[in-house]
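Report on the following structure.
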Amino acid sequence: MGSTKTVAYFFDPDVGNFHYGQGHPMKPHRLALTHSLVLHYGLYKRMQVYRPYRATVHDMCRFHSEDYIDFLQRVTPQNVQNFTKSLQQFNVGDDCPVFPGLFNFCSMYTGATLEGAVKLNNNICDIAVNWAGGLHHAKKFEASGFCYVNDIVIGILELLKYHPRVLYVDIDIHHGDGVQEAFYLTDRVMTVSFHKYGNHFFPGTGDMYEVGAEGGKYYSLNVPLKDGIDDHNYRQLFNPIMQQVVEFFRPTCIVLQCGADSLGCDRLGCFNLSVKGHGECVSFMKGFNLPLLVLGGGGYTVRNVARCWTHETALLLDEEVNNELPYNEYFEYFSPDFTLHPDTSTRIENCNTKGYLEQIRQTINDNLKSLSHAPSVQMHDIPPDLFSLEVVEEPDPDIRESVQDQDNRIEPANEYYDGDKDQDRDNDLDV
Ligand SMILES: [Zn+2]
């Protein structure tokens, strides 16, 4: 069975080679594993595979402050001692370390998200996928939670040039705080985040009474969950809530952050979702038949992240794939079962009682009712002035041109392994 949707998939062969540092849970190598499974399942044959555009300082400064991005561009492990004050100011250090090639890493994952948005705007694809993106914690002036540049906010700003209403959905185990904050005062972007909340779980925001403010009141929706939520409970909340949100908000496109740290057995997580349960959210959102930008996010048990995003790539393509994994260069990571759907259930107790879930549902219902009566549903001429968003009638020729320049469409998958097409390779990259 083939998909009727055109899927554009972005992958930079260098993105899996970055290291946050010894012992750091965020491992970009998970992207190499994911891509390897996507290739060996033959999924690349069903989609447009692109080596993405690399975001410039200018692109990043559409959301971030210039001095923060200037710092990211200049700091290296060699000169970091000269930046003591900036490190503190921009929250760079422990969780968000300075590692070799940091700026290039940001440029790759942000460029792919931005190019995905441009292709959706131009109807070149129905679905754009960037598993390297989805770094939802980054703030305008600082890094946070392993995230430096907020590719999601930058991608949504691009979508807003063509789309009156963008829906952002976040199924990472952590609250999508950076995206919520960026659009907290506007009704043109509705943010919905399902996440663990309580006991000082990072980042500490996202209770169900955070609903947006001023013109954006009721356009932020939070679904705070407790430890151990399983597929059944998650579906019971996710499906009806998202159905209602789409009916009330009537988005013209959807951005879905698919953080895989909400799976059972995640190194930093405490939920109990299976790869199939996680994927059901992706299928459900795809079912609205709206332009869809699909992004990665957290995910710290590398083998399961690769399984999850491979499964979700297949779902987006309406492709059935074998549970038995194809042989690939990372095969030993998937020991002992070598399957796409291993048992990820844990002994973590499901603390989401019937009463608690009911309370969430009730509060969310009340918020959505307020939304349906909100006076500002017709929002086509209300550009948010939260930051310097230029709402332009015509696409930005600079961006369009540079994306097309770099738009090296890659047909056969083996081009990644044959000759070295990468001329921008970073010399100081520790690979
Ligand atoms: Zn996360």
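Each Cβ is built from the backbone N, Cα and C atoms, and glycine gets one as well.
Annotation comment: TrEMBL describes 24-315 as domain 'Histone deacetylase'. The substrate binding site feature in TrEMBL is assigned to ASP95, GLY145, TYR300. Among the features that TrEMBL reports, active site, proton acceptor is placed at HIS137. Feature annotation from TrEMBL assigns divalent metal cation binding site to ASP172, HIS174, ASP261. According to TrEMBL, the feature region 'Disordered' maps to 393-431. The compositional bias 'Basic and acidic residues' annotation in TrEMBL covers 397-431.
Feature annotations (TrEMBL) mapped to structure.
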| residue | record | Cβ neighbours (10 Å) |
| --- | --- | --- |
| ASP95 | substrate binding site | 17 |
| HIS137 | active site, proton acceptor | 27 |
| GLY145 | substrate binding site | 21 |
| ASP172 | divalent metal cation binding site | 26 |
| HIS174 | divalent metal cation binding site | 28 |
| ASP261 | divalent metal cation binding site | 26 |
| TYR300 | substrate binding site | 22 |
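With a cut-off of 6 Å between Cβ and the nearest atom of ligand 1, the recorded positions HIS137, GLY145, ASP172, HIS174, ASP261 reduce to ASP172, HIS174, ASP261. For the domain 'Histone deacetylase' (24-315), the predicted model reports an average pLDDT of 97.
DSSP gives ASP261 (divalent metal cation binding site) a helix state.
With TYR300 (substrate binding site) as the anchor, the candidate recorded positions are HIS137, ASP172, ASP261, and the one with the nearest CA is ASP261. In sequence order, PRO25, MET26, HIS137, PHE146, PHE202, LEU268, GLY298 are the same-chain residues whose CB sits within 8 A of the CB centroid of ASP95, GLY145, TYR300, the residues recorded for substrate being left out. Considering only the binding-site residues ASP95, GLY145, ASP172, ASP261, the residues lying within 10 A of the residue listed as 'active site, proton acceptor' on a C-alpha to C-alpha basis are GLY145. Each of HIS136, ILE173, HIS195, GLY259, SER262, LEU268, GLY269, GLY297, GLY298, GLY299 belongs to the same chain as ASP172, HIS174, ASP261, is absent from that list, and has a C-beta within 8 angstroms of the C-beta centroid marking the divalent metal cation site. Cα spacing between ASP261 (divalent metal cation binding site) and ASP95 (substrate binding site): 16 Å, rounded to the nearest whole number.
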